[in-house]
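Heads up, the thing below is written out as structure tokens.
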Amino acid sequence: MTTFPEDSILVLLGTTPSGELTKSAAGLLGAAVGVGTPVALVVALPGQGAEAASEAGSLGAKHVLMAEMEELSSALGVPVVDALTVAADQVQPDAILITNSLDGRDAAGRFAARKRCALAVDAIGVGRDEEGVLAHHSVYGGAYNVDCAPTFGPLVITVREGSIDARAEAVTPTVDVLDVKPSGAAAAIVESFEEQTAASTRPELRGAAKVVAGGRGLSSQEQFALVEELADVLGAAVGASRAAVDAGYVPNSYQIGQTGVSVSPQLYVALGISGAIQHRAGMQTAKTIVAINKDPDAAIFDVADFGVVGDLFEVVPQLIKSLSARKG
Ligand SMILES: Cc1cc2nc3c(=O)[nH]c(=O)nc-3n(C[C@H](O)[C@H](O)[C@H](O)COP(=O)(O)OP(=O)(O)OC[C@H]3O[C@@H](n4cnc5c(N)ncnc54)[C@H](O)[C@@H]3O)c2cc1C
């Protein structure tokens, strides 16, 4: 059996139904390599593990534990946590990194409860001091940065998608097959499902590198199309403030903020958004923030790197025109 390094960081990598690693894998392994030796756990359907394991190596996983489980197709949550439990017992990691997606948070919470570990959610980075691994958080709408660490045991950390720029170098990993016996813990069972292919060519909001978001300033569902138009020219995902969602311009899944999605893109463009603290809570860790608002005192300008004071219905069409011209 492989002996794992003392500074091992166990990284749970999610897979898509077709077996590829989810987009968050590169950032999680990039975070892990900064504080220890990344050991990836790949949980996949039978026949899909080997490819995902080699993809994990190309993203920097030095060791890969591979669990192929038929139960993944029918039971929610529990199979992954069963695999994570076996992996953590073998690796004895200093920390466990999991993406802060819905599935990731589900696995992290269940695992932390099962193993009585401390849990740090929605971290925007990880570090290490003389006592062990720390999680970095941006709290109170981005007004404070705080660190947290456990008093005992490995810290389970969910990492905000898109928040980690670091990347690990590709390696050829050692791959161990993990033998996971089902724990029998109660799980919701999927009796049937219908696969749907999303028609959108836009990136998914969570984890997108660029986001264009619109607020109440768009004034109507029809006019919100301007946000989508700019997003498409930039190759960005579309988001919204709660006021825009409540007014019915876009569905609830677009909402960014305290009670919506948290994003950490390279570029965040806010159109007609005032910058209430509950909105900023979900976007303030974006690397570059551009705001267009007709009110020079709007709070969004306090966090913007670039701001345009003006009517978005005049500014945005010009922006789209000049970006389109550049693309040729
Ligand atoms: C418990 C709780 C949770 C919340 N959670 C969230 C959350 O998750 N996400 C969230 O977004 N909000 C959340 N909110 C609501 C939040 O407080 C704000 O009400 C909301 O973010 C405001 O949205 P807005 O900026 O689009 O609208 P407004 O605050 O009304 O701002 C509209 C902006 O558009 C500008 N504008 C208008 N017309 C134009 C134009 N033609 N050109 C340029 N600019 C223009 C105005 O100057 C103004 O600044 C929450 C509130 C509470 C109490």
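Sequential numbering from 1, following the chain as shown.
Cβ coordinates come from backbone N, Cα and C, glycine included.
Marked as FAD binding site by TrEMBL: R216, 241-242, 255-259, 272-279, N293. Counting every protein chain shown, 15 other Cβ atoms lie within 10 Å of the Cβ of Q258 (FAD binding site).
For 10-193, the entry in TrEMBL reads domain 'Electron transfer flavoprotein alpha/beta-subunit N-terminal'.
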Legend entry - Other C-beta atoms that fall within 10 angstroms of the C-beta of H279 (FAD binding site): 27
Legend entry - Among I273, A276, which are binding-site residues, the residue with the most C-beta atoms within 10 angstroms of its C-beta: I273
Legend entry - Q258 (FAD binding site) in three-state DSSP notation: coil
Inset, instruction - Identify which of the binding-site residues R216, Q255 has its Cβ surrounded by the largest number of other Cβ atoms within 10 Å, counting every protein chain shown. - result: Q255
Inset, instruction - Over the domain 'Electron transfer flavoprotein alpha/beta-subunit N-terminal' (10-193), work out the mean pLDDT and round it to an integer. - result: 94
